[in-house]
């Protein structure tokens, strides 16, 4: 007898892994000067946020698929605005990294996400430093350093962009936990995009006016804007956003982290096939193996922490 609930869970995880991998590879192809050659990461991210916000608006206000939450100006200003700012920053800097470093190396650097999240959680006062957690952080960091040392096409600028994006994403996750839970606000996938995507679009638009607007005008005079490419790219990004919230709601944050590890390995293999410049060295593999040990140790500690908190009266 097939367990329908378990089968649906694995289906959601598979959809998340495929969409996440697809969006990353698609963004790399669009932004890379060697392929589609659209070197405007802010513009691409802004298109994603604008499209996601518009779809969420129609689902909430026109088709009334879900109802908006009770949002006051104080909650919007103190919760939604800072979360949106760091969400926009993480996407902006993460996409900018595609211009300078390979997909395989980006995924190796993303092993730093638990480290960044832990540091931000300690700074915000929602986590306390522990020896076992510190050991897992140390393993991850050492592994990433080894991978970086073994990277053939190492680029300082691309690495800095990616690390900044990782810490921005970590701060967004921590702020979401601190601010929204403190206010007792619960957002589903649609309402999350309804409130956060338009605000993120505004932040990106300000950056776009300062950094990319003039270059875009020159480029548009020379090349025709391919609307189908950007529509399909934005559609994939929207589907990914929905799938992330769906998987977390059905399985939990720990499961999606483990699924992320599977996705990272698959991305490395795919990226070397699709993008020949994404060469993986033996030192890369050794370094990521060390980081992976730290990630599994961190996830194990988090699972035990949740289990203890659930058993305590």
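Glycine is no exception: its Cβ is also placed from the backbone N, Cα and C atoms.
Annotation comment: TrEMBL describes 7-26 (among others) as transmembrane segment. Here the transmembrane segment (7-26) has long-range neighbours at 103, 106, 233, 236-237, 239-240, 243-244, 246-247, 250-251, 255-256, 259-260, 262-263, 266-267, 270-271, 274, meaning same-chain residues at least 6 beyond its ends whose C-beta is under 8 angstroms from one of its own.
Taken from TrEMBL, the feature domain 'Sugar phosphate transporter' applies to 11-299. In this model, the domain 'Sugar phosphate transporter' (11-299) carries an average pLDDT of 86.
Per TrEMBL, transmembrane segment is recorded for 38-63 (among others).
The transmembrane segment annotation in TrEMBL covers 75-93 (among others). A Cβ distance under 8 Å defines the sequence-distant neighbours of the transmembrane segment (75-93), meaning residues of its chain 6+ beyond its ends; these are 41-42, 45, 48-49, 161-162, 164-166, 168-169, 171-172, 175-176, 179-180, 183, 185, 195-197, 199-204, 207.
Long-range contacts of the transmembrane segment (99-126) within its own chain (CB-CB distance under 8 A, at least 6 residues past either end) are made by residues 24-25, 28, 31-33, 39, 41, 133, 136-137, 140-141, 143-144, 147-148, 151, 153-155, 157-159, 161-163, 166-167, 169-171, 173-175, 177-178, 257, 264, 267-268, 271-272, 275, 277-280, 284, 287-288, 291-292, 294-295, 298. Taken from TrEMBL, the feature transmembrane segment applies to 99-126 (among others).
According to TrEMBL, the transmembrane segment annotation covers 133-150 (among others).
The annotation transmembrane segment is assigned in TrEMBL to 187-208 (among others).
The transmembrane segment annotation in TrEMBL covers 228-248 (among others).
Sequence-distant contacts of the transmembrane segment (269-298) (same chain, at least 6 residues past either end, Cβ-Cβ under 8 Å): 21, 25, 28-29, 32, 34, 102-105, 107-108, 111, 114, 118, 132-133, 135-153, 257, 261. Sequence annotations record features per position, and here TrEMBL assigns transmembrane segment to 269-298 (among others).
Counting Cβ pairs closer than 8 Å and at least 6 residues apart in sequence, the transmembrane segment (228-248) and the transmembrane segment (38-63) reach three or more and so form a contact. Counting residues 6+ beyond its ends, the transmembrane segment (187-208) has Cβ neighbours under 8 Å at 42-43, 45-46, 49-50, 52-53, 55-57, 59-60, 65-66, 68-69, 71, 76, 80-81, 83-85, 87-89, 91-92, 180, 216, 238, 241-242, 244-246, 249 in the same chain.
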